[in-house]
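Undergrad: There's a structure below that I have some questions on.
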Amino acid sequence: MATRPPFMAVVVQLLAFAAATGAFYLPGAAPHNFVKGEQVPLFVNALTPMLTGTDNAKLKSLINYDYYNPKFQFCEPEGGPKKQPESLGSILFGDRIFDSPYDIKMLEENGTCRTLCVKQGVTGEDAKFINDRIREDYALNWLIDGLPAAEMKLDTRNGDLFFDMGFNLGNDEGKFQEQPALNNHYEIVLRYHSPAPGNYRVVGVLVWPSSIGGPQDGPATCDTENASPLLLTEDQTHTIRYSYRVTWNESDTPWATRWDNYLKIFDPRIHWFSLINSLVIVVFLCIMVSMILLRSVSRDISRYNAIDLSEDVQEDWGWKLVHGEVFRTPRRPMILSVLVGNGAQLCAMVGVTLVFALLGFLSPSNRGSLATVMMICWTFFGGVGGYLSSRVYASLGGTDRRKNAFVTATVLPTVIFAVVFLLNLFLLGAGSSGAVPFGTMLLIILLWYGISAPLSAVGAYYGSRHGAVQHPVRVNQIPRQIPPTPKYLRPAAAALLAGILPFGAAFVELYFVLSSLFASRAYYAFGFLALTAGIVGLTTATVSILFTYFCLCAEEYRWHWRAFLTGGGSAFWLLAYGLFFWASRLSLHSMSSAVLYLGYLFLLVLLDFLVTGTIGFLASYWAVRRLYSAIRID
Ligand SMILES: *[C@@H]1O[C@H](CO)[C@@H](O)[C@H](O)[C@H]1NC(C)=O
Ligand SMILES: *[C@@H]1O[C@H](CO)[C@@H](O)[C@H](O)[C@H]1NC(C)=O
């Protein structure tokens, strides 16, 4: 044990050193130097619904489609599209990356108009499918050297230009209102930076899509100015000519900062102002609550101890009265300890992932790295969950340790798996590419049941060896009568009241998190996120301790479950906010999208409930032990 801290310190230092010297790159993070004439591959990702620029735009769908879905009729490379390798997190977050027939060579064919292919026999049925997707604001997602192709947009709030990832499949606004126009021409502007003569790096990918109608079988004109739009009527068979033009433009953006333009999507001032605002309020409240608590508790303690010393016959009152009850086994200790164990596993996962993100290991080039790190952390923190669950279970007076270990290891993965499986069925039904592939499902089963569950069992073994936590006061033989409790201390009311504060600290950041989860926008404000997570943890702990104290003062000694519920109260507000987000930011047309949204929201709320509930429970447990070890009991 003694050698562990120095060892960890060495590892952290090595990682920090490696990151600082740039000697150490995660896959996808190392610069690729191209020479003139070298092939620059263009990869295509699934089509996603996009929030179009304006501030009150609503997302119309949540379903991704494969680029090579036959109904889109996009040009395919010779010999059929080939799937590109992807990380686990990338697959889970809906990336489906394939190669493409675009022929791009470094600094060659600058400004040449080229035909990609001419697609014949696009049926009316396909045209309807395409038109529907255009109406739902679907966007194409291309990747060149790890950079997403973006549209350059003007931020109306501060006049900055920024890159909005993805570009429109078509256009159904303005002059073509009555019928959507398909974009069949792409102006691709590749920005390159030359760190040394003869070496070129891609530092920006911009695409201006446009619709060129008229006869589709002659050579491409790329004349975007005078073209009429390409409208696909739904009762005819069409021919579509796809064309593109690549322009190489030198840029002084170095490779290291090439992502900055993409990540400017949200004005950082919004983060700052709102976050500082809520931080100040919440920190102030936390300090106030802790001070009130500390003062009244220390007053209570000195009074209790003084009464005992003077052997006054005066009756005990307040929380001291229930000293013989506070550590009485609560109802259903099994479920409570399993929830706490799983919550602790999730807490550890969130904490470590945030540290990774803060250290800058989760490069946006490395697609899905956030989700991958989360999955791996969760898997390997199985031991934490098992250990805590079994110790809490023993401390609560539970006896069936094997069952506890088994349930801790299996229930949460099974619930999540079942939900994901159901959502998958809906995705498959909707013909979406977002369904998790079979191989990935198997991998997840292997991770959870093959690694996490055994680790959890090992943790449970050590937990039961360490046994129950010693309690400072003994439990009476006969339970006390509980007087009627005030309304605001009833479990549901307490949970709702207590949940407001942590939710209030988080809801600004929550907007960005939900937008990036559902509207596939980049989220890299990890500093803000970590700060918010810390504040939420702190607030949850403080508020749960406060409510537990109130409960005990009201002689309501069944605090275990209440502590968990008041801690997890913010999950209710998260659910309400999720529904509000749906009403205000989404206008989902299909039933599958609605089911998907509710399914993901349910998972999010469940995980939040477990994490904050665990924080509330553990904090209250700690506080109750401190409280009752401070007084003298005869
Ligand atoms: C490509 O053409 C554009 C204008 O058409 C020009 O600004 C740019 O410098 C050219 N790039 C190269 C590498 O010649
Ligand atoms: C290339 O860069 C120049 C200036 O850096 C800019 O004026 C021009 O519009 C760019 N060309 C394209 C096609 O974006």
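Using the three backbone atoms N, Cα and C, a Cβ is placed for every residue, glycine included.
What you are looking at is a predicted structure, and each value in this text was computed from that prediction instead of being measured.
Here's the feature list from TrEMBL:
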SIGNAL    1-23  signal peptide
TRANSMEM  272-294  transmembrane segment
TRANSMEM  335-362  transmembrane segment
TRANSMEM  368-393  transmembrane segment
TRANSMEM  405-428  transmembrane segment
TRANSMEM  440-462  transmembrane segment
TRANSMEM  492-514  transmembrane segment
TRANSMEM  526-552  transmembrane segment
TRANSMEM  564-583  transmembrane segment
TRANSMEM  595-624  transmembrane segment
Undergrad: Run the contact check on the transmembrane segment (492-514) against the transmembrane segment (335-362): 3 or more C-beta pairs under 8 Å, excluding pairs closer than 6 in sequence.
TA: no
Undergrad: Return yes if the transmembrane segment (335-362) and the transmembrane segment (272-294) have at least 3 CB pairs under 8 Å (sequence gap of 6 or more), otherwise no.
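TA: Contact absent: fewer than 3 Cβ pairs fall under 8 Å.
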Undergrad: Cβ under 8 Å, sequence separation of at least 6 from the ends of the transmembrane segment (595-624): give me the contacting residues as numbers and ranges.
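TA: Same-chain contacts beyond the ends: 62-63, 326, 336, 339-340, 342-344, 346-347, 350, 412, 415-416, 419-420, 422-423, 426-427, 498, 502, 517-518, 536-537, 540-545, 548-549, 552, 559-560, 563-571, 574-575, 578-579, 582, 586, 588.
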Undergrad: For the transmembrane segment (440-462) and the transmembrane segment (368-393), does the number of C-beta pairs under 8 Å, pairs 6 or more apart in sequence, reach 3 or more?
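TA: Stretch pair touches.
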Undergrad: With a Cβ cut-off under 8 Å, give me the same-chain residues at least six positions beyond the ends of the transmembrane segment (405-428) that come close to it.
TA: 63, 334, 337-338, 341-342, 382, 385-386, 389-390, 434-436, 441, 444-445, 448-449, 452-454, 456-457, 460-461, 464, 592, 595-596, 599-600, 602-603, 606, 610
